[in-house]
């Protein structure tokens, strides 16, 4: 099942032939991208620095790779270390995208964007959406933030950054290796090697899988689910409560199968409902003809809170990275802390 949202062309990842028109357009996109990047690198276009450290969490492919779970984990780590983080985002797909906005936990996703609302809901830190990330960063600094985390924005070169973190999906990687629109690449694969940290999103993985999936200089990120929170309020249930039961599983994310597999790994019988990424949900979208429990990702849940009921549950996702990753990152960041 799918609806209004964004769909990934199948030929990006499944090995099927790329339409000839897309092949012709890809070099044009690559050329414009390379020229734009060169303009910033050589100083032909101005870059703007903020008076506080800037960390960009992004990817070189179009679509989701696990940036938001990492951003949330990063914000929580920074706050625990005594920093006052703020998050800057474009707010993909939101209404009135030309108008900057402070995003709160209860901001409608149509106004604030899916990921910014989720980040505000999960962390409570200041979140600013603005097509101009320089302006967003300045607003966050004025609000008292002493470190800025950009959720996405690796290609937004106008904003100078101190640390770049690239996130790539372990299963999809860089797809067919072609530039948009023939493939998923926003920039050549070589761009990933220039980032300060490279994180591989493994989903559920053990240490052996992590070792096999990560090359030199790459850090494994595992995703964990443990509980389900009723959208109508009330106490969370452990996922073990649903073991042996059938549930409707809802995922409107870039890689919905991963969520379904995570639930199945917990012994839950899954009736899958894959929606488009950035799906604009309506109540009828969750009407499946039965009152089996409905388990959904938190990204979907923030768009369904207004009409959620007692059998609709959000499943929180927790990102886990090696302790050495956090040590390396905080060491780099501490060197940027003003004396």
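Backbone N, Cα and C atoms are what each Cβ position is placed from, and that goes for glycine too.
Taken verbatim from Swiss-Prot:
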BINDING   61, 62, 63, 64, 65, 66, 67, 68  ATP binding site
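Of the chain residues outside the ATP site list 61, 62, 63, 64, 65, 66, 67, 68, 59, 167, 169, 254 have their Cβ within 8 Å of the site's Cβ mean position. Counting only same-chain residues at least 6 apart in sequence, those with a Cβ under 8 Å from the Cβ of residue 65 (ATP binding site) are 59, 167, 168, 169, 172, 201, 254. Under DSSP, residue 67 (ATP binding site) is assigned to a helix (H, G or I) in the three-state scheme. With a 10 A radius on its CB, residue 67 (ATP binding site) counts 23 other CB atoms from all the protein chains. The DSSP secondary structure for residue 62 (ATP binding site) is coil.
Taking all protein chains in view, 26 other C-beta atoms sit within 10 angstroms of the C-beta of residue 66 (ATP binding site). A 10 Å cutoff on Cβ-Cβ distances gives residue 62 (ATP binding site) a total of 18 other Cβ atoms nearby, all chains included.
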